[in-house]
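First up is the structure itself, then whatever we jot down about it.
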Amino acid sequence: MADVDKLNIDSIIQRLLEVRGSKPGKNVQLQENEIRGLCLKSREIFLSQPILLELEAPLKICGDIHGQYYDLLRLFEYGGFPPESNYLFLGDYVDRGKQSLETICLLLAYKIKYPENFFLLRGNHECASINRIYGFYDECKRRYNIKLWKTFTDCFNCLPIAAIVDEKIFCCHGGLSPDLQSMEQIRRIMRPTDVPDQGLLCDLLWSDPDKDVLGWGENDRGVSFTFGAEVVAKFLHKHDLDLICRAHQVVEDGYEFFAKRQLVTLFSAPNYCGEFDNAGAMMSVDETLMCSFQILKPAEKKKPNASRPVTPPRGIITKQAKK
């Protein structure tokens, strides 16, 4: 299509990055046909790559961004702008924050520019029924039009669902599913697809770990399930994996371990929605699969007795970098 053929990706990235150093909140108003081109071209790339990505370290893994564009720029300043580092994002790019459009446009532009070094998974907010309600639809309608929001929906319906890093680290947005017995089940999911109300795809995007649950439990979200530590241990053992890396929940320090450090939650939007005093974090995985955490501190000072950093896991050594 014409929008794709004449897409000047370098110019788009340059304009999106021009606001670095500006006061947070300054918008970048791309042309509508440029955004449409980003959606169409990235959709093509998503469909040309597997729904279950098989990735190699080294790479940096990021959790929810939720339209906090200036925090996304901070993450890149800290971790290195592509292609300096390889990246995997775990979903939830849009909704709640003020600049979902800039956020998703920069991420899609990097996907197009560096398709083998930059990866985006689907979060539960990359779904029309959710982002219709929580801000993205309204932002598209206010700044462009509803048709453009529908173009994003077509793109989101083609995002990959999960990734495995060096056959050892399983990554998805939400968590495990009682229906997940074999990785082949993920590979068999056909795209484009909406997110169903239940089942494997729904669970991978919506489920949560819960230390108080044995096996599977009801989820307070009213969608999917919660799962306990034993479910994690059994899953890792069965599939010869070391770690589950997921996002989907705000955690105070930007990262939080679960199940004897066999699962880690990453959340990359500091001061989430301006309502939380959380840090944001990014996990760096080196060639030896050593994991370390880079922290974006929240703007306000933390309370003096904030919890201590979590003890490093066995087998996967961690160190903490603060900024």
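Including glycine, each Cβ sits where the backbone N, Cα and C put it.
Per Swiss-Prot, the Mn(2+) 2 site holds Asp92, His173, His248; the candidate it also names there, chosen from Asn124, Asn219, Asn278, is Asn124. For the pair His173 (Mn(2+) 2 binding site) and His66 (Mn(2+) 1 binding site), the C-alpha distance works out to 13 angstrom. Every protein chain shown contributes to the tally, and the Cβ of His66 (Mn(2+) 1 binding site) ends up with 28 other Cβ atoms within 10 Å. One way to see the shell of the Mn(2+) 2 site is to take the Cβ centroid of Asp92, Asn124, His173, His248; the remaining same-chain residues with a Cβ within 8 Å of it are Asp64, Leu90, Gly91, Gly123, His125, Gly174, Leu205, Trp206, Ala247.
In the three-state DSSP assignment, the secondary structure recorded for Asp64 (Mn(2+) 1 binding site) is strand.
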